[in-house]
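Colleague: Mind looking over this structure? Questions follow.
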Amino acid sequence: MATLSRNLRLSLDTPTSTFVRTKIVCTIGPKTMSEEALIKLIETGMNVCRLNFSHGTHDYHGQVIKNVRSAMEKTGKIIAIMLDTKGPEIRTGKIEDRCGYVDLFVGQEILVDTNMNQPGTSFRISIDYKGLLDSVKVGGYILIADGVISLSITAVEKEKGHVVCRVNNNSRLGENKNVHLPGAIVNLPAVSEKDILDIKFGVEQNVDFIAASFIRKADDVNEIREILGEKGKDIQIISKIENVEGVDNFNEILEVSDGIMVARGDLGVEVQMEKIFVAQKMIVSKCNAAGKPVITATQMLESMIKNPRPTRAEATDVANAVLDGSDCVMLSGETASGDYPYEAVDIMAKICREAELVESSTDYQTLFAALKLSSAKPVSIAETVASYAVATAIDLKADLIITLTETGLTARLVSKYRPSIPIIAVTSWSYTVKHLLATRGAIPFLVESLVGTDKLVESCLEYAMKHNLCKKGSRVVIVSGVMEGVPGKTNSLRVLTVGESIKDLKV
């Protein structure tokens, strides 16, 4: 009923805020790896750049990271870097034709083997799973490229080292495409040797997030944390949920993860098509209840790889991901290899703003009660203060919330209760600044020390007024701790009114 009541009040003429609370993750590829392209993505709205380690060498990714940091320096804006592992997945090999793809036609026969040294043709391709012949059976399927290409298994010829398949649909097969064997028992390690090398490379490069592919259970996350070691202890792990086992074990995975990605591409192949939205809503809602960031990904604006405008369905999909509660929405091929990368980021930001406007029309008391009810018990002092800071901001029609937070926990707890206003998160820890770029509504603000609350608040208000986040007469809610600069001691809530000058504040 709360949704119905909200929707009945909607209008196309409602003015839109200039501030986008939902964060945008952009995959960087050949079209956008240059410093100039990265600067344009940052200025258009990118918050997190994703490096897909299913493709590219360490030298390539190292150059991209160097370019990202140079672009940050030139724009004066901070961007987080996410290393997305290849994971224990199966992929196709190289193609013989110089164009890098072959056309397949419905009804034709094609052989599938595991000889990755031999380039594929329209009659024979390879995949990198050595256990293929022991895992599949006649009557099963091999699904390629997020299930776009479907092959029916007609024979398993172990003595010849290949599987005979029939092509079920006209399609174009490229190199290094993901492969699924639905219904087959696939024995793959949680973390491959390549993943270990890539994660260690990420530690050396000081990346901010590891997006861990094909997480199936909590132990998979713990294994990655061990690989990160002491040197990589500040790198956060975003667990990608992309198979049925990951969905079944989601509660234990969420508990040990720093955040979650709903990787709908592979998940959509493993889960029945009509059930994908159920999985998405369940995962996002559980992340919201836990106060952990969640990214909705895959095919969000897919048509913009080739077209300057998204489909109506895609625009609605992005909006619904925001309304579901996503902290971030992600672009993949749209920005990695598409013809309209900047337009894709721009339209995604516009859709997010509109969806946030709709969300802010929801009866807040109903939302607040639901979030309180779903929170783990007992509730911490920090969460109690954070939740009532948001409730106070709503009641007083405040324009801004300021949190003083070392680890970012207080800011995430405030964000959990979904205020419709910006959250300036003041911290003296540089990695916290990067991590908060995946938290909805958070604007990280780096300072030398959290000692001296009043001066920090003055600095924040100067920044906020400069960026039109508040004005004279605005009410501002401050969340901090009596023990200044001590992590985990959030226990104080204040309300200030911005006066004639920054220093003219009323408590």
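Keep in mind that glycine also has a Cβ here, set from the backbone N, Cα and C atoms.
Per Swiss-Prot, the features are:
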BINDING   ARG50, GLY265, ASP266, THR298  substrate binding site
BINDING   ASN52, SER54, ASP84, THR85  K(+) binding site
BINDING   ASN52, PHE53, SER54, HIS55, ARG91, LYS177  ATP binding site
BINDING   GLU242, ASP266  Mg(2+) binding site
SITE      LYS240  site 'Transition state stabilizer'
Colleague: Where PHE53 (ATP binding site) and GLU242 (Mg(2+) binding site) are concerned, what is their Cα separation in Å, rounded?
Modeller: 17
Colleague: In whole Å, how far is ARG91 (ATP binding site) from SER54 (K(+) binding site) when you measure between their Cα atoms?
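Modeller: That comes out at 9 Å between the alpha carbons.
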Colleague: Report the largest Cα to Cα distance, in Å and rounded to a whole number, among the residues ASN52, PHE53, SER54, HIS55, ARG91, LYS177 that the record lists as binding ATP.
Modeller: 14
Colleague: Based on DSSP, name the secondary structure state of GLY265 (substrate binding site): helix, strand or coil.
Modeller: helix
Colleague: Which one is it, among the recorded positions ARG91, LYS177, LYS240, GLU242, that lies nearest to ARG50 (substrate binding site) by Cα separation?
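Modeller: Minimum Cα distance from ARG50 (substrate binding site) across ARG91, LYS177, LYS240, GLU242 lands on LYS240.
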Colleague: Reported as an integer number of Å, what is the Cα distance between GLY265 (substrate binding site) and GLU242 (Mg(2+) binding site)?
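Modeller: One finds 7 Å between the Cα atoms of these residues.
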Colleague: I'd like to know which of the binding-site residues ASN52, HIS55, ASP84, THR85, ARG91, LYS177 sit within 10 A of ASP266 (substrate binding site) at the Cα level.
Modeller: none
Colleague: Could you tell me the maximum Cα-Cα distance in Å between the residues recorded as binding substrate, namely ARG50, GLY265, ASP266, THR298, rounded to a whole number?
Modeller: 17
Colleague: What's the number of neighbouring CB atoms sitting within 10 A of the CB on LYS177 (ATP binding site)?
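Modeller: Step by step: centre on the Cβ of LYS177 (ATP binding site), count other Cβ atoms within 10 Å, giving 19.
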Colleague: Restricting to the recorded positions LYS177, LYS240, GLU242, THR298, which ones have a CA within 10 Å of the CA of ASP84 (K(+) binding site)?
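Modeller: If one measures from the Cα of ASP84 (K(+) binding site), the recorded positions that come within 10 Å are LYS240.
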Colleague: Is it possible to get the count of other C-beta atoms within 10 angstroms of the C-beta of ASP266 (substrate binding site)?
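Modeller: The Cβ of ASP266 (substrate binding site) has 23 Cβ neighbours within 10 Å.
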Colleague: Pop the Cα-Cα gap between LYS240 (site 'Transition state stabilizer') and ASN52 (K(+) binding site) into the table, whole Å please.
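Modeller: Spelling it out, the Cα of ASN52 (K(+) binding site) and the Cα of LYS240 (site 'Transition state stabilizer') are 13 Å apart.
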Colleague: Considering only the recorded positions LYS240, GLU242, THR298, which residue has the minimal Cα-Cα separation from THR85 (K(+) binding site)?
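Modeller: Checked the recorded positions LYS240, GLU242, THR298; minimum Cα distance to THR85 (K(+) binding site) goes to LYS240.
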Colleague: Let me know the DSSP-derived helix, strand or coil state of LYS177 (ATP binding site), please.
Modeller: coil
Colleague: Please name the residue among the binding-site residues ASP84, GLU242 whose C-beta has the most neighbouring C-beta atoms within 10 angstroms.
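Modeller: Selected residue: GLU242.
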